[in-house]
Amino acid sequence: MSTISEVGPWELGLSLGSGGPNSSRLAKHRETGQLAVVKPIVGWSELTSSQQARIEGELVLLRLIEHPNVLQLIDVISAQEQLFVVVEYMPGGELFDCMLRKGSFTEQDTAKFLWQILCGLEYCHKLHICHRDLKPENLYLDAHGSIKIGEFGMASIQQPGKLLQTSCGSPHYASPEIIMGRSYDGCASDIWSCGIIFFALLTGKLPFDDDNIRSLLLKVCQGQFEMPSNISPQAQHLLYRMLDVDSSTRITMEQIREHPFLSCFVHPNISIPIISAPIQPIDPLIVQHLSLVFRCSDDPMPLYEKLASQSPLVEKTLYTLLSRHLHPPSSAAVDRNRAVVDDLLGTAASNGQQMDEEEIEQAINIPTLAPYPISYAAESVPRPATSASPFLTPVTTSGTFNYSFNATNPQSILQRPATTSSAVPQLPKSVTPGLAYPHDSSMLSSNYRPPSALSPRNFNVSINDPEVQLSRRATSLDMSNDFRMNENDPSIVGNLAASNFPTGMGPPRKRVTSRMSEHTGNRVVSFPRGSAFNPRVTRFNVGNEQFSNNIDNNNYNQPYANATMNNSRRLRTPSGERSMRADLSQSPASYDSLNVPKHRRRQSLFSPSSTKKKLSGSPFQPKRSFLRRLFSSEPSCKCVYASLVASELEHEILEVLRRWQLLGIGIADIIYDSVSASISARIKRQNSLNLKPVRFRISVLAEFFGSQAVFVLESGSSTTFDHLATEFQLIFEDKGFLDNLELSYFQASASRPVSRMSVSSSPFAVFRQRQSVQS
C-alpha cells in the first residue's frame with residue numbers, strides 16, 4: 001500500500017501505524033476535503049468464502065449503526081485485488097492511551113464519558129446488536145473529546161427471548177457468565193463491561209486483576225473487589241449495581257439512564273423504525289447482505305419468511321435501515337428537494353427572515369439518514385466504479401487466513417490483536433506507536449507480537465521506557481486543552497494537501513509522556529523532565545474546569561437534576577479522618593428501594609484525608625475542647641444508613657431514646673433541632689449500666705437510597721459512644737430497615753483500632769433482648 005497514492009476518491013497521506021503494508025493511512029476526500037482513515041485488507045482474494053462472509057457481516061453491522069457515539073463506516077472500496085475500508089478519522093486516539101497519560105478522572109469527566117458510552121451502546125442494543133468486547137482499547141476520542149465505540153468484530157445479533165452461547169471478549173472486562181461458559185444475555189454482559197470501564201476511569205486501575213489467569217477468573221466469578229472510599233455514594237451504588245455477578249438482578253440500561261449519578265444528562269431521542277407490516281417487495285440484494293449478519297447465507301429462506309410475516313421483528317428493522325443505504329433517494333428527487341430549499345430560502349430572504357436547517361428539513365420533509373455527511377449519502381460525491389458495490393462476491397481459494405480469533409470466527413478487520421476469543425490471558429496492551437488510531441497495529445499486521453504478561457494494568461503509572469517515549473508520535477491528550485483540534489484548521493489541511501503527502505513515514509517525533517502532576521491553581525503542571533518518577537497515585541480535582549455544557553459544575557458533587565449543594569459533612573473514625581462534601585437534596589422516591597448486593601463489602605467513608613480544612617456550615621459539626629483544638633483532633637463520627645426517609649428515621653431515633661430514658665439507662669436532655677435536623681442527648685454519670693458519661697448528637701440526612709444517621713461524639717467516652725452507635729445499628733437491623741449496603745459493611749468490616757465489645761457482651765444487650773421479647 002506504500003506505493004498507492006489514492007483509493008477511489010480518497011487521496012492517501014501519512015501512515016498511522018508502523019509503516020508496513022497493513023498500516024492505516026490518513027486520507028482526504030478529493031472534492032469534499034473530508035478526513036478519514038483508510039484501512040487495507042491485504043490478500044482479500046485469497047480468503048475463503050466463509051472468511052469473506054464474516055468480514056462482510058461486520059461491515060454490514062458497521063453500516064447499519066449510525067449514532068454520534070459509534071465509529072462511522074464511510075466506504076468500502078475494491079482496488080488492485082485488495083479491499084479498503086474507509087472509516088471515520090479520530091484525532092483523539094484510544095481512550096486507553098488517554099487513561100495511561102492521565103490516570104484517573106474526576107467524577108464529572110467520568111460521568112460524561114460513561115454517558116456517551118451508554119448512549120451508543122443503548123442504540124446498538126435497540127437494534128439487538130451486542131458488542132461483547134467493550135474495553136478502553138476499543139473506545140476512541142474525536143477532536144472534541146467525545147467517545148465513539150468501535151471494533152465490532154465480536155458483535156452479534158441477539159434475537160428477542162434467546163441467549164448467546166459463544167464465549168468471547170477480554171478476561172478483565174468479560175462478565176462472570178461468559179467466563180463460566182454459560183448461556184448469557186449479551187446486553188447484560190455489555191453493562192458489566194461498562195462497569196469495569198467506569199471503575200477504571202474513576203480509580204485508574206481495574207477492579208479485578210491478577211498476574212495468574214486462574215486467580216483473575218476466580219475473582220471475576222466471585223465479584224469481590226475493593227470499592228474506593230474517595231468516590232461519592234452515588235458512584236459507589238452505580239458501580240455495585242453494574243458489577244452484580246447475578247445477571248438477572250444486574251442494573252438494566254433503562255435503570256442506568258434514570259440513576260442519580262447520570263440523571264443530569266439529557267437522553268438523545270434517536271428513533272429506530274419498528275415495522276409490523278410485511279416487506280413488499282423484498283429486495284434480494286438487501287437479503288443477501290442481511291444473511292451475512294444472521295449467518296444464513298446458505299439458506300436465506302427463513303429470512304424471507306420473517307420479512308413477509310405480520311410481526312415486528314428485528315429482521316424488518318435492519319432491512320429498513322440497510323435499504324436506506326443501498327437505495328438512496330434518486331437524483332431527480334434530490335434535485336426537487338434542492339429546488340424546494342432554494343425557493344424557501346428565497347421567500348424567507350425576501351421577508352427578512354432566516355431559516356435554520358431544522359426548519360428547512362421540516363418544511364420539505366426530508367428524513368435525515370446520517371448525523372454528518374458520509375460518502376454513500378445522496379448528496380455526496382458519486383463514487384467511481386471501483387466502489388460501486390460495498391461488498392464483493394465471495395471468492396473461494398486455497399489461501400491461508402492467519403488472523404482468525406478461533407477456528408470458526410475470524411477477527412474484525414478493524415480489531416486489535418489484544419482481543420481473545422475466550423477467557424484466556426489478555427492484558428492491556430502497551431503504548432503503541434503512531435497516533436493510536438483505531439486502525440493501526442491490527443491483527444492483519446505481519447509484525448504482530450502476543451501481548452506481554454508484563455503489560456501495565458494500572459493506568460496511574462506512566463510508562464518510563466525511553467524507546468516507548470521516542471516511538472510515540474501522538475501529542476499529550478490533556479482533558480482541558482487537547483480536545484480543541486479542528487479538522488478545518490488551515491495548518492492541518494495544508495499538511496494534508498495531495499502534493500505534500502509523503503510516500504513513507506517520517507522520523508518519529510519525540511514524545512513527552514505524562515508524569516505525576518502538581519496542582520497549581522486550576523492547572524495541572526507536569527514535573528520537569530529530570531524529576532524522579534513517583535509511582536504513588538495522586539488525584540487532583542479541578543473545581544472550576546468546565547468540561548461539558550450539560551453539566552453544572554456547582555451542582556455536580558451530587559448529580560441530581562436541579563440539585564443544589566446545601567450541606568457538608570466531616571466524618572472521622574479513630575483510625576483517622578476523612579473530609580467529604582455532599583449535596584443533601586431530596587432524592588427521587590423511586591430510589592428508596594434500590595439495594596446493593598449483601599455479599600460485597602462497603603468501604604469505609606472515614607479513610608484518612610489529605611486535607612485539614614474545615615467544612616463550614618455543617619449541621620452536625622460539634623464544638624471541640626481546648627485539647628482537641630490544640631492537637632487538631634476531630635471528634636468520633638459514625639454513619640448508619642437506613643432505607644427509611646429522613647422524617648421516619650428521626651421518629652425512630654427519638655422513640656428509641658425515649659424508651660431508653662424510661663428504662664433507666666441514664667439518657668437525659670433529649671433535644672430535637674428541626675432547623676439542623678439533629679437530635680442531641682447525653683448519658684448521665686449515674687446510669688444503670690455503669691457507662692461512662694457521654695454527650696452525643698445524631699444528624700439525619702437524606703440520601704438517594706433512603707437516609708443516614710450521623711452519630712457525632714461531642715464529649716465524653718469514645719467507648720460508650722461506640723457502643724451507642726453500634727446498638728442503634730443493631731436495632732435498625734432487627735426492625736428491618738437497615739440499608740443492605742450498610743448491613744454488608746458492618747458484617748464484613750475489619751476490626752478497628754478502638755476495641756469494640758461483642759454484641760452479646762454489649763451493655764445495651766439486655767435491653768435489646770427485652771425489646772425483642774416485647775415486640
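Numbers here mean position along the shown chain, with the first residue as 1.
In case you wondered, yes, glycine gets a Cβ from its N, Cα and C as well.
Annotated features, as they stand in Swiss-Prot:
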| type | residues | note |
| --- | --- | --- |
| DOMAIN | 10-262 | domain 'Protein kinase' |
| BINDING | LEU16, GLY17, SER18, GLY19, GLY20, PRO21, ASN22, SER23, SER24, LYS39 | ATP binding site |
| ACT_SITE | ASP133 | active site, proton acceptor |
| MOD_RES | SER309 | phosphoserine |
| MOD_RES | SER311 | phosphoserine |
| MOD_RES | SER476 | phosphoserine |
| COMPBIAS | 584-593 | compositional bias 'Polar residues' |
| MOD_RES | SER587 | phosphoserine |
| MOD_RES | SER632 | phosphoserine |
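The two recorded residues, SER311 (phosphoserine) and LEU16 (ATP binding site), have Cα atoms 47 Å apart. In the predicted model, the domain 'Protein kinase' (10-262) shows an average pLDDT of 90. The two recorded residues, SER24 (ATP binding site) and ASP133 (active site, proton acceptor), show a Cα separation of 22 Å. Of all the recorded positions in the record (LEU16, ASN22, ASP133), the one with the smallest CA separation from SER309 (phosphoserine) is ASP133. Of the listed recorded positions, namely ASN22, SER24, SER309, SER311, the sparsest Cβ surroundings within 10 Å are found at SER311.
A straight line from the CA of ASN22 (ATP binding site) to the CA of the residue listed as 'active site, proton acceptor' spans 23 Å. For the pair LEU16 (ATP binding site) and ASP133 (active site, proton acceptor), the Cα-Cα distance reads 23 Å. When secondary structure is read from DSSP and collapsed to three states, SER311 (phosphoserine) falls in the coil class. The Cβ neighbour count for the residue listed as 'active site, proton acceptor', using a 10 Å radius and every protein chain shown, is 26. Residue environment of LEU16 (ATP binding site) contains 27 other Cβ atoms, counted within 10 Å of its Cβ in all protein chains.
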